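Enquirer: Have a look at this one before I ask anything.
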Amino acid sequence: MGSIDDLPPLRDVIRKHELRPKKSLGQNFLHDLNLTARIARAAEPLESVTVIEVGPGPGGLTRALLSLGARRVVAIERDERAIGALQEISDHYPGRLEIVSGDALEADYNALIGPERCRIVANLPYNVGTALLIQWLTAEPWPPFYDRMVLMFQREVAERIVARVGDDAYGRLAVLAGWRTDAKILFDVAPSAFVPPPSITSSVVRLEPRDTPIPCDANALQRVTEAAFGQRRKMLRQSLKSLAVDTAALLGAAGIEPTARAEEIDVPGFVALAQEYVKLKNQ
Ligand SMILES: C[S@@+](CC[C@H](N)C(=O)[O-])C[C@H]1O[C@@H](n2cnc3c(N)ncnc32)[C@H](O)[C@@H]1O
């Protein structure tokens, strides 16, 4: 295990604070500070940056972010057992770590960071990772409260985020991510890096918000992609019926063949469908 600061090794921190991993909180802890530093480096430069970290747990990634110079880390953790460990890190880096005890799904990010944009860096709990990402991708106003996200997901989820039309993993998540961000898988992390080891490989993904995505209502895009990919093997003239608008008019106005299937429609195609859906709904 490498050391990036003179705080105790993570294994000792976990033992001292009795942080026995809980499945219900998606807890798979990283023990190797060299690895947490590699994740943090993907968010560099950090010097003048406020980082939001979701789920710091015993603080391996938190320590890496602080040792690499993040001006301020706001760490949101749901497990109260971790607060003592985080407090020790805060004492080591006075004034730079703000610990928020609570649920990241309920957090008011704008209020937490103030007027400046932040960077989101996290080894996300697998049970709420996708929900958090969708929240951040559909944030308003846009450009959003963050300037970059560096996030760890299960490999299968990472593939769904970066997929392009024609890929097996292409679906709702890829459309939302592709609409508003440029997303890339940076590297994989083997199950053996975690305690307890998950059954599958994880991947670190970088998402950079586009300054000017094609204008579109995020809720409408979610509705349209949900309907289309909910029945992905059906033709759109059938799968979009659940939207309760005139499907032929919708597809015609968006310039999409009624016999096409969701997996054949690229991101601009879905944006066009969402724009026309809003118009038809408001008629
Ligand atoms: C995969 S672990 C990562 C822990 C640590 N960052 C690491 O890399 O070792 C996920 C963390 O998210 C926390 N967590 C789970 N659900 C959460 C939620 N809704 N809001 C905030 N934190 C949450 C868990 O308690 C756990 O500490």
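Note: Cβ is positioned from N, Cα and C throughout, glycine not excepted.
On a predicted model such as this, the values are computed, not experimentally measured, just so you know.
Marked as S-adenosyl-L-methionine binding site by TrEMBL: N28, L30, G55, E77, D103, N123. Annotation source TrEMBL lists domain 'Ribosomal RNA adenine methylase transferase N-terminal' at 35-211.
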Enquirer: Once the chains shown are all counted, how many other Cβ atoms turn up within 10 Å of the Cβ of G55 (S-adenosyl-L-methionine binding site)?
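Expert: I get 24 for this one.
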Enquirer: Neighbour count first, Cβ atoms within 10 Å, every protein chain included; then name which of N28, N123 tops the list of binding-site residues.
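Expert: Going through N28, N123 one by one, the largest Cβ count within 10 Å is at N123.
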Enquirer: Per DSSP, N28 (S-adenosyl-L-methionine binding site) is which: helix, strand or coil?
Expert: coil
Enquirer: Please identify, from the binding-site residues E77, D103, the residue with the sparsest Cβ neighbourhood, meaning fewest other Cβ atoms within 10 angstroms.
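Expert: Counting other Cβ atoms within 10 Å of each of the binding-site residues E77, D103, the minimum falls on D103.
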Enquirer: Which value does the mean pLDDT take for the domain 'Ribosomal RNA adenine methylase transferase N-terminal' (35-211) in this predicted structure?
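Expert: Overall, the domain 'Ribosomal RNA adenine methylase transferase N-terminal' (35-211) comes to a mean pLDDT of 97.
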Enquirer: Quick one: give me the count of other CB atoms within 10 A of the CB of L30 (S-adenosyl-L-methionine binding site).
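Expert: There are 22 such Cβ atoms around L30 (S-adenosyl-L-methionine binding site).
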Enquirer: By the DSSP assignment reduced to helix, strand and coil, which category contains E77 (S-adenosyl-L-methionine binding site)?
Expert: strand
